[in-house]
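A.B. asks: First the structure, which I've put down as structure tokens, then a few questions once you've had a look.
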Amino acid sequence: MAMEAWFMEDSDSDPRLPHHRNPKEFVPLDHLAELGVLHWRLNPTDYENDQELRKIRETRGYNYMDLLDICPEKLNNYEDKLKNFYTEHIHADEEIRYCLEGSGYFDVRGKDDRWIRIWFKAGDLIILPAGIYHRFTLDTTNYVKLMRLFMGEPVWTAYNRPQEEHPARKEYVESFTKKESYRQPKRIATPAAAMVATQKDPREEVIQAWYMDDSDEDQRLPHHKESKEFVSLDQLAELGVLSWRLDAYNYETDEELKKIREERGYSYMDFCEVCPEKLPNYEQKLKNFFEEHLHTDEEIRYAVDGSGYFDVRDRNECWIRVWVKKGGMIVLPAGIYHRFTLDTNNYIKAMRLFIGDPVWTPYNRPHDHLPAREEYLKAFVHKETGDHAVNAAA
């Protein structure tokens, strides 16, 4: 499940509780990026061999690493240390934490000095910038195993608030808080293909794509090529695959989603949860989804929770894997050969949109004689370059 964040209520009850406001007020991850908080979603089950983690460490200079278990049974002076972690403070350097097991909360101050609670779970790596006021606590599971990363020798010094004259705080305020609005990001989290912290397309937080290897291993694995070969969202648009990043926490009232539906004529909507517990005949249906096929109409899917892979063929018949996560919406054009599977999280809740009454008919390959396939080839494949990226912007 993806990392979540929300504005906190003003309660003094147990800090391990979620402390949502009433009504709940979620914070998109790109808003965190505008505060300097960077985030990656990694594979914690194989962190010792994870090439993406290695790239992050090399690119950002994190040459020291250690592990820390935070729970009553494994941390000496547990109560005192947890109390210290939860005292509002800053550091003179970045704080880099990678959750390998369990979960907990990092609270950071927003631009208006309100607390934002970040729920940090297994697979989440976050970076808190030097100078940001923050604190940490466990959630009600009472356990987290963290990897801590540092540039050079580790420094844990905490400077409790107030620290407005500290150089790190001054630099942070100048860099991140003196902005007119949340819509002017200085830097955001980037995918493994480009680890420098520069402004990127916000869709890349929830939709990533790469060329697949030729392995027959578990289809739910990423299946990167040995030298990872990422595909930009503009390249997908040239194949007719359009994409948006939307607010999955508020899809019922999202004006951007409403606008897309009106402009593209998506008059019908329903939901589908794909997981062993909620989908009848799960194994057979997942097998069917992964058969290469096409449709005579667009396939529109919006991940309101969870994640999964949509694989599409490029102009050279190579498979491109498109990873769609919570908040990502894609449109596969009529006539494109594609397939779907879950990732290792084994769960997605997708909004399905249609023009008129829903039609789910798949035509398994080969179906090159269908008019929809012929039109797709003419529009997107038999061209030297694509010219359909204009509608893909989120």
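Keep in mind that glycine also has a Cβ here, set from the backbone N, Cα and C atoms.
Reproduced below are the annotations present in TrEMBL:
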- His89, His91, Glu95, His134, His293, His295, Glu299, His338: Fe(2+) binding site (BINDING)
- His89, His91, Glu95, His134, His293, His295, Glu299, His338: Ni(2+) binding site (BINDING)
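Set these features in their place in the structure for me.
C.D. replies: His89 (Fe(2+) binding site) has a Cβ environment of 19 other Cβ atoms inside 10 Å.
Long-range neighbours of His293 (Fe(2+) binding site) (same chain, six or more residues apart, CB within less than 8 Å of its CB): Tyr337, His338, Arg339, Pro362, Tyr363, Asn364, Arg365, His367.
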A.B. asks: Around His295 (Fe(2+) binding site), how many other C-beta atoms are within 10 angstroms of its C-beta?
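C.D. replies: Neighbour count, Cβ to Cβ under the 10 Å cut-off: 20.
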A.B. asks: Mind giving me a neighbour count for Glu299 (Fe(2+) binding site)? Other Cβ atoms within 10 Å of its Cβ, every protein chain shown.
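C.D. replies: Taking all protein chains shown, Glu299 (Fe(2+) binding site) has 22 Cβ neighbours within 10 Å.
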A.B. asks: What count of other C-beta atoms do you get within 10 angstroms of the C-beta of His338 (Fe(2+) binding site), across all chains shown?
C.D. replies: 22
